Amino acid sequence: MEFSERKRSRKSQSFKLVSRDYHHEVYKISEFSNDVNGETKETQPIYLGDESMEIKKQITGMRRLLNDSTGRIYQRVGKEGEKLKQEPQVVDLVWPQRSNSSTEASQGLHSNSRGAWNELPTQSGQFSGQSGPRSRTFQTQPHISASSNGELPGVNSIVGSNCCTCNCQSTLQAILQELKTMRKLMQFQAVGTQNRQQPPISLMCSQRTAVSRKRNKKKKVLPKTVQPVTAVEPKPSPLETEKKPAASATRPPGLQAAERTSTEENHVLGFGIVLESPSSDPEVQLAEGFDVFMPKSQLDSILSNYTRSGSLLFRKLVCAFFDDKTLANSLPNGKRKRGFNDNRKGLDQNIVGAIKVFTENYCTANHVDKLPGPRDWVQILQDQIKLARRRLKRGSAEVADGDERLDRISLPPTGHTFVIKRETPEDPEPGSVA
């Protein structure tokens, strides 16, 4: 009989890892059969040809899938140095050949083979559910085959008859078919449980879109300002149309045309929230969330003249809200400088934030070039502060020059009188010289 040694590799003090080629669970299936008297008896499985070996390999593969995904078998071992050397001679790798100790056993195998194989699916179900060291320790115990007389059957190297091999091939094929059906059932059950746990696709899509919207709202502030503006702005449009006929009688036609174009641009672009006001010129809220308002006519004039670049629009809006004195005595980032002699204060960040949001929305909607970056806003404010200081210096210098000019204009008559006074005492000097 052909034997091959089972390879082992040391895993730990209490476990040994059997190589993946060995699958003791599979070989143990055919070790039980019924005796002639009906008693259970362990018999060695029959060595079959190449076809049967292929079927057995398929069975081992299916059992590997059903039992353990990794295919590893850990066997429990006693304490250190306790019966570790005696284990390799217990189990074989090769499917052993059938023992021909008695002809009655072969007849019993033929007569009761169908009953024995019918019991195998239940055993396979039991083996498929087992996991852990207990089931495997039971498998590693030496199997003592005993006949009805109590004698140990010998192992014979003679191959069984063709009839027996045919019967075993059919039974092996039946086992393989049942294992395949079991695997399909397990897969269907797993898919059914997953489908029960997962919500329907429509709900998943709606949840994902809601989550993505929330994330976008948290990250970006701009869409918040744009969306409500477009929804709120068309409402006051009929009020504006009612106010236009009353104001058109008093205003020239050129201003009326300019206002029409500007209002159309505002309605199309959706910027600024027009608010009702008792005066003829309504106020516009630059951005939602900021209590910053601006006369609509002034905003229309800025949008019609200074929309070449986003930085220019931002500069003009800053100049519209802050005069030169406030800019000259302020800091761009809203913080107070830590100096005892420095009285400068930060700019109102509410106004600056509203202007910034308005320019960003306008430039992105109208595709205006040169939109200021995150670091450019403070630089633009610093430039505007410097320009305001220069204007104040020039204005003070011009005022001083104007005062000097006024003094010069008033000085000649007074100088003339002084010259007359000076000439009177100088008259006797030439007389004295003469």
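Even glycines carry a Cβ here, placed using N, Cα and C.
Residues 414-434 are the range that Swiss-Prot records as region 'Disordered', among 393-413, 414-434. According to its DSSP assignment, Lys56 (SUMO2 cross-link) is helical.
Other Cβ atoms within 10 Å of the Cβ of Lys56 (SUMO2 cross-link) number 21 in total over all chains. Counted over every protein chain shown, other Cβ atoms within 10 Å are most numerous around Ser330 among the modified residues Thr326, Ser330. A straight line from the CA of Ser330 (phosphoserine) to the CA of Lys56 (SUMO2 cross-link) spans 89 Å.
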